[in-house]
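Enquirer: Annotations for this protein, taken from TrEMBL, read as follows:
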ACT_SITE  Cys225  active site, nucleophile
BINDING   Cys103, Ala104, Ala105, Pro106, Gly107, Gly108, Lys109, Glu127, Asp154, Asp172  S-adenosyl-L-methionine binding site
COMPBIAS  305-320  compositional bias 'Basic residues'
DOMAIN    12-294  domain 'SAM-dependent MTase RsmB/NOP-type'
Amino acid sequence: MLEIPDQFKEKFTRLLGEAAAADLFAALRQPSKKAYRINTLKEGRVSYSQEKPVPGIPHAYYGEVSGKDPEWTSGLVYSQDPAAMFPAQAIPVQPGDRVLDLCAAPGGKSTALGQKLAGQGVLVANEISPSRAKILRENLERWGVTNAVVTNADSASLSARFPCFFDAILVDAPCSGEGMFRKSEDAIKYWSQENVDLCADRQKEILTEAVKMLKPGGYLLYSTCTFSPEEDEEIVSWLMDEYGFKVLPIEATAQAAAGRPEWGNGAVSLENCARFWPQDGVGEGQFVACLKAAGENAQAFASVKKGREKKEKKKGKGSKNRLERPSKEEAGYISEAIAGFNWPESLATWPSQVLKSQDHVFVPALDPAQLKGIKILNNGLELGLLKKKRFEPSHQLAEVLGQVTQERVVDLDERDYERYLHGESLQVASGLKGFVLVSSRGLVFSFGKLSGKGQLKNYYPKGLRQ
Ligand SMILES: C[S@@+](CC[C@H](N)C(=O)[O-])C[C@H]1O[C@@H](n2cnc3c(N)ncnc32)[C@H](O)[C@@H]1O
């Protein structure tokens, strides 16, 4: 492990006192803690130990998972720092809500939010970096979330499309990563007080846009994986002073330390923030603040919203880019390819909602008109692709259909599972024909296509092969 910078040590000795600072520095030399969450959207047996639950987080356990196991490829588990599980747990989200995860990749918190929504309402999961947005999409897809819109945009472009729109917004901000010192040498290498200050400025920029998108009385969950007050209590103080946010107590953080009023504007309610220190034994460093917006937010942005709606009505008329529904012939190809699969209840009405954009067929989570000008990686459930006189179901659909019991399944033994992950076609003993779900240890992780002679064509996406 690299040496912790002297300037960091001096700063935290000043802030915490000698003894507590020494505890922190000693904990930073210990190995990091590993944990995983189980996906309640899916059924299936997890082979990992469930002996040590993460306290306060339902369905979460200490232990390491492998990205090669069927538990992972089928989206039954997600590997996550235990302390990083608390932001999504702390934000009040109900099925049916409109939720935004503004800095979402790789998707640890988005997968948990998708689970909380249970297929009702919408999750906009946004990531500014194109390569990380792709990973975010893959993780949500694996998790079987059907009501997420994955976007690749900056916060200002989003706020122009969604004024006063969301019931809850999670800003898990890019930060100086002091809480990641045990996990990432880069976090130590690139640490400097200048970077802490730069991060604080960027956090304010992002939050300024987030605030515009929140409904009056909505919830804003702000989190970082850093210890510096400039990025934590000072930012929360700024949200309180500038916008009138209230800091709510967070349940289920018995093992976290309280926020430090003296590191911010002195308000006692800053104690409601949760600080996870590595020496407390939960996981890595994490700061969590749950805030409630004041009512006036409505007035501030109502005018923006009205203006936008008017413009859209005008534009909408006669627009050539309108999405279509699949033709009767195309609907026939779709039905033929996916006949015989059982659907989750939340998708019972999909045939009446399905849309087509060029050859992509999907069930939108949000009206595509609302997303004009935003780069979208996925809107709701991608059903698949129309090809010449046939239809190819998507990988996302396989991960979604894996949520319910199916008959059209081919289960692979360990060796064939590995070969399938590599992209090989297999010879299997099955009387089925056409598209089938492919599983291992009963966990569905892909589509495949069977010829009548037991030849299983590989449909595991090229980008995911290992
Ligand atoms: C702490 S990470 C998010 C982790 C994620 N919430 C999770 O739980 O998996 C912060 C993310 O913010 C993104 N980011 C960086 N600069 C940003 C900006 N100016 N606006 C929005 N997001 C930004 C980073 O690319 C990074 O993916």
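Using N, Cα and C of the backbone, Cβ positions are placed for all residues, glycine too.
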Enquirer: Kindly state the mean pLDDT of the domain 'SAM-dependent MTase RsmB/NOP-type' (12-294) in the predicted structure.
Expert: 96
Enquirer: Around Cys103 (S-adenosyl-L-methionine binding site), how many other CB atoms lie within 10 A of its CB?
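Expert: 22, counting other Cβ atoms within 10 Å of Cys103 (S-adenosyl-L-methionine binding site).
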Enquirer: In Å, how long is the longest CA to CA span across Cys103, Ala104, Ala105, Pro106, Gly107, Gly108, Lys109, Glu127, Asp154, Asp172, which the record gives as the S-adenosyl-L-methionine binders?
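Expert: Farthest-apart Cα atoms in Cys103, Ala104, Ala105, Pro106, Gly107, Gly108, Lys109, Glu127, Asp154, Asp172 are separated by 20 Å.
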Enquirer: Report the same-chain neighbours of Gly107 (S-adenosyl-L-methionine binding site): residues 6+ apart in sequence with Cβ closer than 8 Å to its Cβ, ordered by sequence.
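Expert: Same-chain residues close to Gly107 (S-adenosyl-L-methionine binding site) (Cβ under 8 Å, separated by 6 or more) are Ala125, Ile135, Leu136, Asn139, Leu140, Trp143.
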Enquirer: Would you mind ranking the recorded positions Ala105, Cys225 by how many other Cβ atoms sit within 10 Å of each Cβ and giving me the lowest?
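Expert: Looking at the recorded positions Ala105, Cys225, the Cβ with the fewest others within 10 Å is that of Ala105.
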Enquirer: Give me the long-range Cβ neighbours of Lys109 (S-adenosyl-L-methionine binding site): same chain, 6+ apart, Cβ under 8 Å, in sequence order.
Expert: Ala84, Pro87, Ala88, Asp101, Leu170, Asp172
Enquirer: Quick check for the class: what is the C-alpha distance, in angstrom and rounded, between Cys225 (active site, nucleophile) and Cys103 (S-adenosyl-L-methionine binding site)?
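Expert: Cα-Cα, rounded: 13 Å.
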